[in-house]
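The feature repeat 'WD 1' is assigned by Swiss-Prot to 14-53. Look at Swiss-Prot and you will find 59-98 tagged as repeat 'WD 2'. Among the features that Swiss-Prot reports, repeat 'WD 3' is placed at 103-142. The annotation repeat 'WD 4' is assigned in Swiss-Prot to 148-187. Under the heading repeat 'WD 5', Swiss-Prot lists 192-231. Per Swiss-Prot, repeat 'WD 6' is recorded for 246-285. Annotated repeat 'WD 7' per Swiss-Prot: 297-333, in sequence order.
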């Protein structure tokens with residue numbers, strides 16, 4: 001396998017700290033990073049270089065663990081170990097914290113906007129997932145507290161085109177939720193990982209979900225049978241593929257490219273890997289191959305990988321070493 005990941009640039013994003021997470025805005029013109037230094041940094045392209053456009057340093061008292069852009073690109077949400085979630089509004093080049101969401105008992109581990117932009121999900125070490133509703137006046141109201149997990153909840157992500165929410169937990173499981181008669185309910189539990197599930201990502205259609213774990217595997221789950229049209233019966237999610245034997249340590253993040261279908265992973269062995277579904281593989285029993293492997297992508301654990309929303313071959317990663325890196329992926333011939 002020839003080396004198909006090329007380093008474009010490396011940036012010291014959060015010096016002397018961990019860089020925890022990266023998020024592209026919907027148009028791909030800005031990249032938000034967050035870290036153990038309690039800041040969020042907004043990066044933009046200046047010629048060929050990524051430069052820091054602004055530092056959001058006033059919102060949080062502790063580590064900022066995750067950031068998420070609203071679908072319109074005008075708001076950024078940040079989840080922090082200080083048990084709060086800040087909502088930042090973009091005004092020209094600057095960002096202003098317009099509200100702080102409180103209620104979790106301790107560290108907020110993740111935050112995610114629904115595709116509609118009117119719902120926000122947060123999750124915490126307090127084992128709960130909260131769903132917030134946003135109205136026209138930019139007021140945020142908690143509409144549901146979900147206590148389905150028995151341990152720390154690490155990550156939340158929304159289905160790309162329906163209001164279905166997924167969460168990953170230290171209890172080794174993944175839960176799916178949807179709204180039912182004005183309340184949110186857990187509609188499925190995905191079990192199979194043998195240790196903490198760190199992250200998860202839907203494919204472009206939302207029919208498949210990739211999950212990654214402390215058990216060193218990535219699992220691909222597929223939605224089978226959605227019941228009769230219009231019926232309320234829950235789709236059945238089944239593990240259709242397990243990527244095992246590739247990662248030597250915890251897999252901290254997985255990201256599904258919505259333009260090409262390639263899957264990127266971030267691992268505790270300091271490496272970034274790319275997987276692609278094999279041509280002609282059976283959708284109900286898909287097979288994937290490792291198509292790129294960058295062993296020393298960073299000098300410490302890789303925490304996050306994220307594909308650019310518009311440029312199909314551009315990937316960003318970040319690490320405990322405080323750096324973020326930009327990669328060009330070339331599909332092997």
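Cβ atoms are placed via backbone N, Cα and C, with glycine included.
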Fill in: Contact call for the repeat 'WD 1' (14-53) against the repeat 'WD 7' (297-333), three or more Cβ pairs under 8 Å
yes
Discussion item. Should anything in the same chain at least six residues away from the repeat 'WD 3' (103-142) have a Cβ under 8 Å from its Cβ atoms, list it; otherwise answer none.
Written reply: 62, 65-72, 75, 77-85, 87, 89, 148-163, 165, 167, 169, 175, 177, 184
Item to complete: With a Cβ cut-off under 8 Å, give me the same-chain residues at least six positions beyond the ends of the repeat 'WD 2' (59-98) that come close to it.
Response: 18, 20-27, 32-36, 38-40, 42, 53, 104-113, 115-117, 120, 122, 124, 138, 140, 155
Discussion item. Please list the DSSP helix, strand and coil residue counts for the repeat 'WD 3' (103-142).
Written reply: 0 helix, 21 strand, 19 coil
Item to complete: Provide the three-state DSSP residue tally for the repeat 'WD 5' (192-231): helix first, then strand, then coil.
Response: 0 helix, 19 strand, 21 coil
